[in-house]
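Notes follow once the structure below has been shown.
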Amino acid sequence: MTTSTRGAARTPAVLVLEDGRTFRGRAYGAVGETFGEAVFSTGMTGYQETLTDPSYHRQVVVMTAPHVGNTGVNDEDPESARIWVSGYVVRDPARTPSNWRAKRSLDEELERQGVVGISGIDTRALTRHLRERGAMRVGIFSGEAIADEATLLAKVQAAPQMKGANLSAEVATKEPYVVPAIGEKKFTVAAVDLGIKGMTPQRMAERGIEVHVLPATATAEDVYAVNPDGVFFSNGPGDPATADHPVSVMRAVLERKTPLFGICFGNQILGRALGFGTYKLKYGHRGINQPVQDRTTGKVEVTAHNHGFAVDAPLDKVSETPYGRAEVSHVCLNDNVVEGLQLLDQPAFSVQYHPEAAAGPHDAAYLFDRFVSLMEAERA
Ligand SMILES: NC(=O)CC[C@H](N)C(=O)O
C-alpha cells in the first residue's frame, strides 16, 4: 500500500448546494462534476458498505466522521458490484490507509470507478446546514468543471429531485439468480430486488433459506413460479410513492397470505400496500447508531439506517386494512418515525432499518429469525 499523494488531492474542488451555499475544498476520487441529493451519514465505520449500497443511487453522501479511508478498500465488504453514491464528501481523507485486508486506497477506488468527491471542507458546517434546511440537491465540481458560481448553481438547480424519483429498475438485477442455502435447505424465498444489498440474501442463506432474487419488474406470477415459502421485498433507492408496480405485486402476496418480510423500501411498499401514505423526511436517517424500540417486546436496539422517506401510519392504534389489522411494530426513539409494521391477522411484517447490519450493529438480526418462524408456522 503506497501513501496516497495523488494528483487529484491538489486539484481545487467546489461543492454548491441548491440554496447557493458553497464550500471550497480539494478533489477526492475522480475529477469532474456530479450531482445528487446531499445527505449525511453518521457512521464512523463501514464506508465501503455505504458507498456500494444501491439505495444511495443519486445521492451525494457527506460523512460526519472526520477521518475516512483509514482502512483502505478491500474486496470483501462491498454490498454490490459497484459504488452507487453519485458523489462523496469527506473532511480529512486518510493519507496512509492501513489494514490487513486493504487492496488499494479509497481515493484510488473512487477514481477507478469515476466517482467525483471533495475533501477538505467543513463537514460539520455542511451537516448542520442540511439538518436545519433539509436534504437538498448539490453539485461537486473540480478541475475544468469549475466555473463561476452562478453557472454552477444553475446546473445544480437543473438536476433532478429525489422526490418523485423512480430508481429501482436502474439498480436492480436484470436477470433472476439464486443464492443457495448454507447447510441444509429448509425454505425457498422469492426476493424482489429493488436495490438489494448483498448481505441480505446472505443472512437468509445462513438460516437455511434458498433465495431466488428476482428483478424489480417481476410479476406475482414470477414470484409464485419459484414456489416460495416466503416472499421478501428489499431496500432500494428513490421515492416509494412511485413504486406502484412492487405495491401491486405485494398486494397479490398479501391476498394469498404467504409469509412476507420487507426491509426499508420494502417497509414503505408494505405501508403503501396497506393503504398508508409515505412522505419525505426533512433530512432522513443515515448511520449505524440509531435507537429503535421493538414495541412487541419493549426492547431497544441500536440499528443501521439509510432512509429519506417514511411511512405515515398511526403510532398508537391498530389500523384496519384490506388485509386485516396492522400496527406499527417499531419506532425510532430520536424522532418517533415509523420503523416497522406488522399485520396481526396474517404472517407479514417489515422494518424501515437494516437488520442485515452491513455495516452496523447486529441487534436486529432476530428479525430474520422472525421471518423463519413465520415460514415454519405456515408449514406446521
Ligand atoms: N435503504 C432504502 O431502502 C431507502 C428507501 C428509500 N429510498 C428512502 O430513502 O427512504
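Cβ atoms are placed via backbone N, Cα and C, with glycine included.
Note that TrEMBL annotation is computational and uncurated.
Bear in mind that the values here come from a model prediction, so they are computed numbers and not experimental data.
What TrEMBL records for 1-187 is region 'CPSase'.
The domain 'Carbamoyl-phosphate synthase small subunit N-terminal' annotation in TrEMBL covers 11-141. When DSSP labels each residue, the domain 'Carbamoyl-phosphate synthase small subunit N-terminal' (11-141) comes out as 26 helix, 51 strand, 54 coil, counted as helix, strand and coil in that order.
Using a 10 Å radius centred on the Cβ of PHE265 (L-glutamine binding site) and all shown protein chains, the other Cβ atoms total 31. Under the heading L-glutamine binding site, TrEMBL lists SER55, GLY236, GLY238, PHE265, GLN268, ASN306, GLY308, PHE309.
According to its DSSP assignment, CYS264 (active site, nucleophile) is coil. The Cβ of CYS264 (active site, nucleophile) has 31 other Cβ atoms within 10 Å, all protein chains considered. For CYS264, the entry in TrEMBL reads active site, nucleophile.
The active site feature in TrEMBL is assigned to HIS354 (among others). Other Cβ atoms within 10 Å of the Cβ of HIS354 (active site) number 28 in total over all chains. In three-state terms derived from DSSP, HIS354 (active site) belongs to neither a helical nor a strand segment and is classed as coil.
Positions annotated as active site by TrEMBL: GLU356 (among others). Within the same chain, the residues at least 6 positions away from GLU356 (active site) whose Cβ sits under 8 Å from its Cβ are LYS197, MET199, THR200, GLN202, ARG203, ILE263, listed in sequence order.
The L-glutamine site, placed at the center of the C-beta atoms of SER55, GLY236, GLY238, PHE265, GLN268, ASN306, GLY308, PHE309, has further neighbours from the same chain whose C-beta lies within 8 angstroms: GLY195, ASN235, PRO237, ASP239, PRO240, CYS264, HIS307.
Only GLY236, GLY238, in sequence order, out of the recorded positions GLY236, GLY238, HIS354, GLU356 have a CB under 6 Å from ligand 1. Taking the region 'CPSase' (1-187) as a whole, pLDDT averages 95 in the prediction. Rounded to a whole value, the Cα-Cα separation of GLY308 (L-glutamine binding site) and CYS264 (active site, nucleophile) is 10 Å. Distance from the CA of CYS264 (active site, nucleophile) to the CA of GLY236 (L-glutamine binding site) is 7 Å. Summarising the L-glutamine site geometry, the residues cited as binding it (SER55, GLY236, GLY238, PHE265, GLN268, ASN306, GLY308, PHE309) extend over a maximum Cα to Cα distance of 13 Å.
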